[in-house]
Amino acid sequence: MLIPATLILLLISVTSQLLMFDKVEDDHPCLLSMCDQDSGCVPLGCSVDQFERIGCGYFRLNIYQFQQCYQPGKKDEETENEAWMNCAQDYQCSASCIRTLASKFRVKCYGKSDCETIARIHDGGANGCRDRGTIGYWKRVRDSCGPECNKPIFTRHFY
C-alpha cells in the first residue's frame with residue numbers, strides 16, 4: 001500500500017512540471033511598441049503587407065494570424081471575417097492573438113530575446129525569426145521600445 005501512494009505522489013510531481021504554459025503581459029512595452037509601429041496604436045484601418053496580406057486594427061492582424069491563434073472572441077453567429085475584424089479592432093483580443101502565436105512558435109527563435117521573438121513572429125509568421133525580412137521591423141520595435149524591450153515577457157506558470 002505504501003509503494004502505490006509513493007508512486008502516485010511521484011507521478012503528480014512529474015506531471016505538474018510538464019504542464020507549463022507561457023503567459024505574456026498585455027501592456028508590456030514591447031507589445032505597446034509593436035502596436036505603435038503597426039498602426040500608431042489606432043484600431044481602425046487596414047493595410048497590405050509585403051506578402052500581399054491584408055492586416056487590420058491595432059496590430060495589422062491578418063486573417064491567417066487570426067486563424068492560427070484559434071480565433072479568440074469569435075461568437076457562434078459571426079462569420080470568420082466578422083470575428084477577425086472585431087478582434088483586430090479590439091486591443092485585448094488582438095494582443096491575445098499575438099501572444100498566442102508567439103508562444104506557439106517561439107521554439108523556432110532560439111537565442112532571441114522575448115521581444116524580438118514576438119516581433120519577428122508577428123511580422124514573418126511561424127518562421128519569422130529565421131527570415132531576414134523581419135529584421136527591419138524588429139529594429140523599429142526595439143528602437144521605439146528602448147531598454148524596456150529587454151524585460152522578460154514570457155513567464156512559466158504551473159497548473
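Keep in mind that glycine also has a Cβ here, set from the backbone N, Cα and C atoms.
When you check TrEMBL, the disulphide partner of C46 from the set C41, C56 turns out to be C56. Looking up C69 in TrEMBL gives a disulphide bond whose other cysteine, out of C35, C41, C97, is C97. Here the Cα atom of C93 (disulfide bond) is found 13 Å from that of C35 (disulfide bond). The C-beta environment of C41 (disulfide bond), restricted to residues of the same chain at least 6 apart in sequence and closer than 8 Å, consists of L32, C35, Y58. Across the fold, the C-alpha of C56 (disulfide bond) and the C-alpha of C87 (disulfide bond) stand 9 Å from each other.
Long-range neighbours of C97 (disulfide bond) (same chain, six or more residues apart, CB within less than 8 Å of its CB): F59, L61, Q65, F66, C69, P72, C87. Cα spacing between C46 (disulfide bond) and C30 (disulfide bond): 21 Å, rounded to the nearest whole number.
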